[in-house]
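Lifted from TrEMBL, the feature list:
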- Asp352: active site (ACT_SITE)
- His472: active site (ACT_SITE)
- Asp474: active site (ACT_SITE)
- Cys645: active site (ACT_SITE)
- 1-113: domain 'Protein-arginine deiminase (PAD) N-terminal' (DOMAIN)
- 116-273: domain 'Protein-arginine deiminase (PAD) central' (DOMAIN)
- 282-660: domain 'Protein-arginine deiminase C-terminal' (DOMAIN)
Amino acid sequence: MAPQRAVQLSLKKPTYAVCVVGIETYVDVHSDVPKGAETFRVSGSSGVEVFTVYNTAQVTEPIDKAHWPLDAGVDVIISVDAASKALNDLKVNVSYFGQQKDSALGHSVLYLTGADISLDVDTGRTGKVKRSQGDKKTWCWGPEGYGAVLLVNCDRDSLRSRGMDLANTQLTSLDDLQDMAPMVLSCDGPDELFDSHKLVLNVPLSDSRRVGVFCARGGNSLSDYRQVLGPWHLSYEVERHPGERKISFYVEGLTFPDAHFLGLVSLSVSLVDTKTLPEVPHFTDTVTFRMAPWIMTPNTQSPLELYVCSVVDSHGSNEKFLKDMSDLASKANCKLIVCPWIENRNDRWIQDEMEFGYIEAPHKSFPVVFDSPRNRRLKYFPYKSILGPDFGYVTREIPFAGVSGLDSFGNLDVSPPVTVEGKEYPLGRILIGSSFPKSGGQQMAKVVRDFLKAQQVQAPVELYSDWLYVGHVDEFLSFVPTSDQKGFRLLLASPSACLELFQEKKEEGYGEAAQFDGLKYQAKRSINEMLEDRRLRNDNLHVQECIDWNREVLKRELGLTEQDIVDIPQLFFLKDSYAEAFFPDMVNMVVLGKYLGIPKPFGPIINGSCCLEEKVRSLLEPLGLYCIFIDDYLSYHKLLGEIHCGTNVRRKPFPFKWWHMVP
């Protein structure tokens, strides 16, 4: 450990110094020495450790360790092992000798006061603060890593508050302390020492808008807690009471990692000598936190809550859809939460409005809803109705350019945990839809992409989705959990698989079996007609090329093989050069554990069964999944897509701790 400060001795008068427990102090024995002195001897009283530091190639240790040469670069380092009981109760003596070693030429005396000053946080990531003598200034990833974790205090613990807790400089609920990281200041020493010294907490200007520190002075009631560091307070002179040895603080995060913020913040405490002008800090202890990232959860995580919207428009209510979702949620033992009409204002697309995730520290974890910049009629629902006690909120607004369809969160997904060429992604990788690389087309808003990338733990992958009319990745892919060793499969919409299935059925003699048979408001199309429709075939050749391009990206970026992918039969057609589903998009499903709510495709009926449904069942049910086909095909909005885009699922967090990974 490098010396923290130097103390210069004097032959004429005693020197007085404060020595912090565990911190080495350099004692200057060379600046003021008697004339003719060649060696010196140093000793310390009980409670003081004295070390001599020298180059063994130049200095031979004295036999009696008593007479050290003055001209050979021998340095003296001291430390104390406990706080003093009284001022100046520790002592270091230095005697100087000439050629006659039995008679000293002079003496220097150093009186010490030991002070136990330490700023400690949960560097060991156990959920408890423990005294640390290690490196508290740096933060290290991995299972053997160290460094404290800070939660962004983005929930609202008091129902009387209007905004998030992080906006409050006065505590509004004692429960809010549980969201904050504990920090303990050790401040043991003689009370008289603090008559001439003060303890000052500091936050760098660059971190002051990203972190807040609370402390209770005078009691432990709600009114006793106040913010002592934060955007409006860069330093705080600690109010130490006589005899007080430890003071507790509570630290909150104010902002998530982002493009211009790596997520690290630091706080420090200094022991300052007030007798000097300017005041001199004797010692500074610094701790570093990393802000907990926002983490998405994939379909493979168990469902906790299924969100849907109740709408009533000129065509009636979606009561049947709500009943179907209630039945599905019941099968999956999942709570159903209905957003009422008065809150959604007939905007049913709750998947596009928000995305559920969570934040976690060793001492606490809670869900956080990410509100998209889409901002349609559902725009107030996440903030007004989901934000609450232990349920956080975050959003990113687009500052200048208008919102595009790619900014909706149907265009945001995340894979299960994967390993790619030896590189582990234990929390999966985020998937976002974009234009074809280097085409100059649409992209998800930069503020959203920057936010997702800055979280570091789910490195985003950009896919090509701009070939779709809506442009969302959820229209051609989904992940489902499986009961085998792999644990999941990637489902991809496949025009080729659909055309092959129809060709097979034609060859079996079912060419006149019709798509949309029985639908009142949709013209039937026989298998023969669809296979002979050259435009439909060409449209789907184009779509297949787009999906195949993504297939290769997904295999490369997620480390997948062909055995990890299931092709779900699906046809599309082009509208103004962009693709839409020809029949209800079966990949656009809602996944509740092993129960899959799949849009009913209304495929050709063969031997009393829909051949598309039978094909999908044959692909997925051997994997331990249950396929439940639900009608969301309405006369006034033929391909509603309500099963996935009109639902949203909050899921269990990963058991894996994000700080154990190495990004």
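Using N, Cα and C of the backbone, Cβ positions are placed for all residues, glycine too.
Automated prediction, rather than curation, is the source of TrEMBL annotations.
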Residue distribution over DSSP helix, strand and coil in the domain 'Protein-arginine deiminase (PAD) N-terminal' (1-113): 0 helix, 52 strand, 61 coil
Shortest C-alpha distance to Cys645 (active site) - which of the active-site residues Asp352, His472, Asp474: Asp352
Residues satisfying Cβ distance under 8 Å from His472 (active site), sequence separation of at least 6: Asp352, Gly405, Leu406, Ser408, Gly410, Asn411, Gly433, Ser465
Distant-in-sequence Cβ neighbours of Asp474 (active site), under 8 Å, six or more positions away: Gln351, Gly410, Asn411, Asp413, Val587, Asn588, His644, Cys645
